[in-house]
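Asker: There's a structure below that I have some questions on.
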Amino acid sequence: MATDGASCEPDLSRAPEDAAGAAAEAAKKEFDVDTLSKSELRMLLSVMEGELEARDLVIEALRARRKEVFIQERYGRFNLNDPFLALQRDYEAGAGDKEKPVCTNPLSILEAVMAHCRKMQERMSAQLAAAESRQKKLEMEKLQLQALEQEHKKLAARLEEERGKNKQVVLMLVKECKQLSGRVIEEAQKLEDIMAKLEEEKKKTNELEEELSAEKRRSSEMEAQMEKQLSEFDTEREQLRAKLNREEAHTTDLKEEIDKMKKMIEQLKRGSDSKPSLSLPRKTKDRRLVSISVGTEGTVMRSVACQTDLVTESADHVKKLPLTMPVKPSTGSPLASANAKGSVCSSAAMARPGIDRQASHGDLIGVSVPAFPPSSANRIEENGPSTGSTPDPTSSIPPLPSNAAPSTAQTPGITPQNSQAPPMHSLHSPCANASLHPGLNPRIQAARFRFQGNANDPDQNGNTTQSPPSRDVSPTSRDNLVAKQLARNTVTQALSRFTGPQAGAPPRPGAPPTGDVSTHPSVGRTSVKTHGIARVDRGNPPPIPPKKPGLSQTPSPPHPQLKVIIDSSRASNTGAKGDNKTVASPPSSLPQGNRVINEENLPKSSSPQLPPKPSIDLTVAPAGCAVSALATSQVGAWPAATPGLNQPACSDSSLIIPTTIAFCSSINPVSASSCRPGASDSLLVTASGWSPSLTPLLMSGGPAPLAGRPTLLQQAAAQGNVTLLSMLLNEEGLDINYSCEDGHSALYSAAKNGHTDCVRLLLSAEAQVNAADKNGFTPLCAAAAQGHFECVELLIAYDANINHAADGGQTPLYLACKNGNKECIRLLLEAGTDRSVKTTDGWTPVHAAVDTGNVDSLKLLMYHRVPAHGNSFSEEESESGVFDLDEGEESPEGKSKPVVTADFINHANREGWTAAHIAASKGFKNCLEILCRHGGLETERRDKCNRTVHDVATDDCKHLLENLNALKIPLRISVGEIEPSNYGSDDFECENTICALNIRKQTSWDDFSKAVSQALTNHFQAISSDGWWSLEDMTCNNTTDSNIGLSARSIRSITLGNVPWSVGQSFVQSPWDFMIKNKAEHITVLLSGPQEGCLSSVTYASMIPLKMMQNYLRLVEQYHNVIFHGPEGSLQDYIVHQLALCLKHRQMAAGFSCEIVKAEVDAGFSKKQLLDLFISSACLIPVKQSPVKKKIIIILENLEKSSLFELLRDFLAPLENRSTESPCTFHKGNGMSECYYFHENCFLMGTIAKACLQGSDLLVQQHFRWVQLRWDGEPMQGLLQRFLRRKVVNKFRGQVPPPCDPVCKIVDWALSVWRQLNSCLSRLGTPEALLGPKYFLSCPVVPGHAQVTVKWMSKLWNGVITPRVQEAILSRASVKRQAGFRQTIAKRHPSQGQQAVVKAALSILLNKAVLHGCPLPRAELEQHRADFKGGSFPLSIVSSYNSCSKKKGESGAWRKVNTSPRRKSGRFSLPTWNKPDLSTEGIKNKTLSQLNCNRNASLSKQMSLENDVSLTLNLDQRLSLGSDDEADLVKELQSMCSSKSESDISKIADSRDDLRMFDSSGNNPVFSATINNLRMPVSQKEVCPLSSHHTTECSNSKSKTELGVSRVKSFLPVPRSKVTQCSQNTKRSSSSSNTRQIEINNNSKEENWNLHKNEHLEKPNK
């Protein structure tokens, strides 16, 4: 062995290529162990170890062979098949006498061995079965592990991809941050430079401002000096003129006296009586005395112009209006010169030369003194006392401060010749200047503010100072100051009831409470003296005004709102009655009437303003006559500034203050005879009750001196005083077209203030309808500017010029557009006005409408068509056809064309701006959008500064302009054809428009691809989100997959019009050119569907998540036998059909032929029919036949209509074990039988419309794979929400409305109705009545019409929900009491208790699940309540159902039910359940006639028992609850009714207390409805519900309170008022006895339940 091993060593060590050489060398060399190296020794050792191991192996092999030979030799003749021989051999071998036998009995040993082998075999088989099951589990786990590994790999790959993307994004962000930081540094540097420049400019500006202010001060001082000198010159000039006038008047008097003397001489010569000749000198003497006293006889008019110029309203024409002042000295009066001076205004604001300076009409103050014809000497004594009784001449005027201004006063003259004096037009101040404007004459303003301070006001040091009096000759002038002020205070106090200050004008601080002279604005410094004045004091010059209107446009401070002007110099010694007080007037020269004006501070603007607050003009009669209410009964508003005047801010007019009262002026431009002394008999006086002393004032046809306002006719028209206006119009000779200086006629004033009745009166009186004012504005212009559309309509009807243009070119249409008066615009357009008239600045009405941002006006101008035959559009047409442009394509404007031309839209004004320029620059996006809808708009037109619309636009308008030429192509999602319709897919829409893509000229194909993908992703996330989130909120979520599993990968194809396209594909043309060339009107995205073996389109159509659909398909492919079950309407049929289609196309793609076989199961579907179906479809084949390769898909629908176990019992085993080894024998019709089996290529799917299986059907459960579609679990739970949300998004064209939108609220309500209904039905234990979401998929979504949804809900309630609930409750209530045939009888003839339960359940479901949470207002909801059957059940729930904004559990108001408490009584009230109203309660049975017979029979029984108290106990059998299930239903209803109004009723804890019952002779308990309610307080949580075991009875409230047990009226517990639990109520007893009797404690606190039919409840007797 060692030699062999040594010889083998070289073979192991040498290489194959030199094996021969190595052997030769080994043979030559001598083997020497000592010469071996270390590696060779190791090799030798390993070889020797191998030899030893080989020797051991040989030894073992030899031993084994020896053992086998030994056994064969000894036991070879025996066979293991016969162990008995072996045992016999051993027995015989040891059968010697000495040796003991090996076994006593071989047979028993063999039997024991066999028993042991059986046990072992059983154990091994059990272990084998366990091993097989473990192997199966292992294989399943391996498959799951592989799937998880694949998913893990995918996620890892996606993670790496996302990391790569994120790295790129981070790098880009870092780069961009660096760029931005550099730009920030540059911008900061630029900002510093700009700020430095700004500081330099500010310094320069400050220096210039200082120089300018110094220059202003110097100019003001110089102007003040000039004014002082001019005042002195004016005064001297006027004194000389007055002196000349007095001399002329004196000469005239002398001539008159000479003529009279000549007449007297002639009379004496004729020998006439001496008495007349003696009386005439006396009259003359008296008159002369009066002349000396007054000095105002013989009216001679002179012109005095104002001294200070003012910037007028229109600079192109300026009028010089003289100031007229009467001057007439008395003959031979020593004070003639003084009187001449006293007749002149000493104020610079009142008189100035009218030669070299231009005076505005607003700067003039008119003074006129008409003559009053006396009737007797006593009349003269009233106004001027005789010589003997004349007080000091200087008493007629108080001592005035140098800045004070008493009113000019004149006493009427005597001679009638003075009535021929010409009328003074200077009294007619324009209406616009009737108020005190901020920009009035500074000299008048200075005088006014100087005059506002009281003479007795304390100065700065607190000392009471008085201004020095005027320098008069009389020494008693100071003493008469008190009398003068007392007279003024008296007039003010007497008129306080008519002229109280406005609400917004508090009295000036420091003013005396009596309202003396200091509280009134001054007229001007007009120190007009009477005959007793020696010389005229010029007074101090007015203070230097802070800013002249000619130098600055800053308005002066506003004047006080209350101004009273008292024009008086002396008054008679009579009392003036005012404010129910008689106040004595001191002796003063008060004229016949005092004018008190309550003025408003009228704003000025460049356009017509709304009328100001009303002002009151009153005339006070000093002779004790009361002022009639006619003058103040219909007081309107004074007109504001003239309409349409585009004045600068500095062009306000000055104050007009007339200082004269017209008594009986004969200055009448129309007819001098209209003011005769007998005018007091006129119609006006007769109607108003005025005294004759006031009649001449109102009846004078001359200018009415009412604070410079127009005539009385104009005042009545402006104030809307129809009564006064009609009386004035009845006067003869009245000029109704008379215009004030601004040209304002009475018609103009009435139209401007919107007094339609006055306009109608004036037009009927043939007033000039087109009379224009000085600025060219007609009454139609004024009415259109102010928005008085009724006046506009009336003026148009009287042929007013609708195209009249004012001086500035403003037409009525322009003014209406400028002020946004759309009704006036419509009337003018329908009258045919010209839209294209332009102003002098080149502005059109479109410019005006756009300038104010008035969208409605612009729509009218562009789209309102003129009627063909003058017929105005109806209101509905105009509303729908004009103002719905914002609705987009659905509005009429989206389809109709504008009526204006492109040239008109593109017209540019003087600066070159079009209407689009104005809208874009002001940010009026809506106006710009309307303009852009006109096809002819030129957005590239440039103004005179070479700017386009885009250049001047704001950011929003720029975005609009950029998208102007963009193509808006709707993007639609299509799911292909949904077929057939009977699979519950009627409500599925094949196409949904998700948004509109804006395709611009510069849009690239990459941008277009991204836009399409982003739009789809946003849409999928919008419809699958949990709330109403906007697209902006969802774009923050970067996940590409939505909750339902759809993404851009779900797209099968995209078509641009009719051209197919895929994401990322590019064409030669740009998207914009491509769409135009191919006339692509829409982009359609087709989702992958069952035809491609995918379920994306099914997911989108049904809103079932894609993963769940894929899981269902996997179950069908893996298990072959799958049944889908759930409540009716859970889309089982649709799901099964779509899965079958997808499976079919998948198998066909794999190369197999496939067929779908559908069978509808009904009650008559037999097992034989099912067998024939299986055999005919080659799903069940004979054992002898080879298996087919064709795939068969069997669909069995409506399996709930048949007994599942009876139908499928014989097919269960072969369906589970599909092979020839487990066949099943079926008998044919001819008596022959044959073995069949199901092959592996057969798939069986079924649908059951049941929530759960019952009875024998449970035996089938283990043989199928079941998919349960629960209403409270996915996919059904969120399906309806996603479906309705997609409906809403489709209605809003891809936009998600906000949660507060009514559409969102009504959709949320429909969703909550479905959930609450199923929750309530689950709690009632009626799963067969549960509803799937299919019935609610047809919920209409109509924006703005929530009533449509409520009506749809009522139809669903009446047609679907009510019959199902009724059937379910009846079946449950009668299932235990009656079995078999009697159960059907019970359904046909429900008992009284069953009817009660059904009615109560319907009513509770309606109020708690349906109407609860409806967003309609309560009043509107009550109108729809009658549409719901079963809602008339007397729950009397008083609550607001509009609680959708509350969270769950927060709305407890709906349970607040009101009933009066009831007391126990001995009489029993009969139940009203015997007379149910089936038509209103919605109980639908097949045998209504039988039910009606029973109802009538029970009613007759009830009537016969009504008066018999003893027999009422027998009613309990008819009215008792028939079964425990019926009682359980009652408990559930009671618990639901007493719950806290949680929307999810399943969350409400059980709160049931004992329902008390009373025994009646061992009979069944009477089920009561009303529990005695004692007036006790209630807590919200302690509610005493009604249980089925014990009832508490209550009597009718009509019966008297007696001892004993009370009866009940109705059946179901419904709380009517909340009371606390009774103290004796314990927890529910475990006893099930129905006859336990419990006393009612009078102190118990219990609920009052009422379910009787009548709505009202009778009050209890007290």
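Quick reminder: no glycine exception, Cβ is built from N, Cα and C everywhere.
Quick paste from Swiss-Prot:
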REGION    1-23  region 'Disordered'
REGION    202-235  region 'Disordered'
REGION    365-439  region 'Disordered'
REGION    453-477  region 'Disordered'
MOD_RES   ARG497  asymmetric dimethylarginine
REGION    498-615  region 'Disordered'
REPEAT    708-738  repeat 'ANK 1'
REPEAT    742-771  repeat 'ANK 2'
REPEAT    775-804  repeat 'ANK 3'
REPEAT    808-837  repeat 'ANK 4'
REPEAT    841-870  repeat 'ANK 5'
REGION    871-897  region 'Disordered'
REPEAT    911-941  repeat 'ANK 6'
REGION    1446-1473  region 'Disordered'
MOD_RES   SER1523  phosphoserine
REGION    1614-1662  region 'Disordered'
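For each listed feature, how buried is it and what is near it?
Answerer: The repeat 'ANK 1' (708-738) scores a mean pLDDT of 83 in the predicted structure.
Each residue in the repeat 'ANK 3' (775-804) gets a DSSP state, and the totals come to 17 helix, 0 strand, 13 coil.
Residue counts of the repeat 'ANK 4' (808-837) by helix, strand and coil are 17 helix, 0 strand, 13 coil (DSSP-based).
Per DSSP, the repeat 'ANK 5' (841-870) is made up of 16 helix, 0 strand, 14 coil.
Sequence-remote contacts of a segment are chain residues at least 6 beyond its ends whose Cβ falls under 8 Å from one of its Cβ atoms, and for the repeat 'ANK 6' (911-941) they are 844, 846-847, 849-851, 853-855, 858-859, 862, 885-886, 893, 898, 900-903, 905, 947-950, 952-954, 956-958, 960-961, 964.
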Asker: Which residue counts does DSSP give the repeat 'ANK 1' (708-738) for helix, strand and coil?
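Answerer: Secondary-structure composition of the repeat 'ANK 1' (708-738): 17 helix, 0 strand, 14 coil.
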